[in-house]
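What follows is a short report on a single structure.
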Amino acid sequence: MSKYVDRVIAEVEKKYADEPEFVQTVEEVLSSLGPVVDAHPEYEEVALLERMVIPERVIEFRVPWEDDNGKVHVNTGYRVQFNGAIGPYKGGLRFAPSVNLSIMKFLGFEQAFKDSLTTLPMGGAKGGSDFDPNGKSDREVMRFCQAFMTELYRHIGPDIDVPAGDLGVGAREIGYMYGQYRKIVGGFYNGVLTGKARSFGGSLVRPEATGYGSVYYVEAVMKHENDTLVGKTVALAGFGNVAWGAAKKLAELGAKAVTLSGPDGYIYDPEGITTEEKINYMLEMRASGRNKVQDYADKFGVQFFPGEKPWGQKVDIIMPCATQNDVDLEQAKKIVANNVKYYIEVANMPTTNEALRFLMQQPNMVVAPSKAVNAGGVLVSGFEMSQNSERLSWTAEEVDSKLHQVMTDIHDGSAAAAERYGLGYNLVAGANIVGFQKIADAMMAQGIAW
């Protein structure tokens, strides 16, 4: 590894020892950039990496709101505007009790590289709050969203920072936040948020985008390996929008998802989650707020494994779609023992660094990184921004076609970058290199301003 890269990683580990998720993602990204950094000694001369691992701006604020009983609660809100060298900040808002500064910085850092990979002019950001929408009434969620936007509005704009949804933030929450934004600023600037309802500027295919895009990426991997999706079995984790979109597109292309997981365990459906009834039931489960994947097992009479993860099932493809660090070294060893060939990260950083290194050492396994695989979500968000700017609405076929093409290009570009630096078919390193190079070029061209 490059001495410069080693030094910056060591500095980050020391300075941010209390931010483990952020340190983990910095280590994962920078550790693959040695060949690029060594080829450009000018990067060290202008402290490029040191600047790149520090956000351009971190906004932290209190969010007071009142519940239905008149009791006042206070949550913490965040917006980490990590890197805007190539365009307005772009990235989701997450409402979950687990939200903290380390997770926001990790997601913002990853987002910068992901947005760069899309080829669209978007910088990287992430935000959210430790507010838990589960168990709250619709009015309570509305009041919280309004309180959150009452502070956030001053930091965002169509050409400044364009938030979107993420875990705990769907079209409902985006709608409430946009309503408050419109009231405060006094104008119809619908390009300020993406993930909106169709009635006021949302894009077709946005709910399915991350899942669809992940499968299009797998399709490109299959083409490279002279293989096909037809007949493949897939283990999915999660049962939200991403897993739903993936299951839907897998079925359409002739493969079948056979697992889903939740906080309570996982289900195994050997016949596959391929029918319209089963795929639509995933949406019903999520909308119920019960957060139990066992409901699927009860309805369709399949096996449920309480408190377990699906990584011990023998399948062709693994696609973790749930949350960060879902696959540790122990789980990775189970995956390898089952001779799984394709390990496709879909959730943000779903694999511990230790497990990722182990999987990448397997000679017969293809490992694909989340920042490339799940780029479809932010890609269609970028398409939504374009439609809002043009005052036009694209057809579903047009959006899907563009999504398919760009996801294929992301795979092909990553593979080519890895080959160019003598790394073989290393999609993890290739994605990091491509994402980094565009940001680095922009930062170098703009001088030492950030």
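The backbone N, Cα and C atoms fix where each Cβ goes, and this holds for glycine too.
Because the structure is a prediction, the values reported are computed rather than measured.
Of the residues LYS90, LYS136, LYS402, Swiss-Prot puts just one in the substrate site with GLN111, LYS114, GLY165, SER381: LYS90.
Separation of the C-alpha atoms of LYS90 (substrate binding site) and THR210 (NAD(+) binding site): 15 Å, rounded to the nearest whole number.
Across the structure, LYS114 (substrate binding site) and LYS126 (active site, proton donor) place their CA atoms 12 angstrom apart. The two recorded residues, GLN111 (substrate binding site) and THR210 (NAD(+) binding site), show a Cα separation of 14 Å.
Cβ neighbour count for SER381 (substrate binding site) (all protein chains, 10 Å cutoff from its Cβ): 28. The recorded positions under consideration are LYS90, LYS114, ASP166, THR210. Their Cβ neighbour counts within 10 Å are lowest for ASP166. One way to see the shell of the substrate site is to take the Cβ centroid of LYS90, GLN111, LYS114, GLY165, SER381; the remaining same-chain residues with a Cβ within 8 Å of it are GLY91, GLY92, ASP115, MET122, GLY124, ALA125, ALA164, THR194, GLY377, VAL378.
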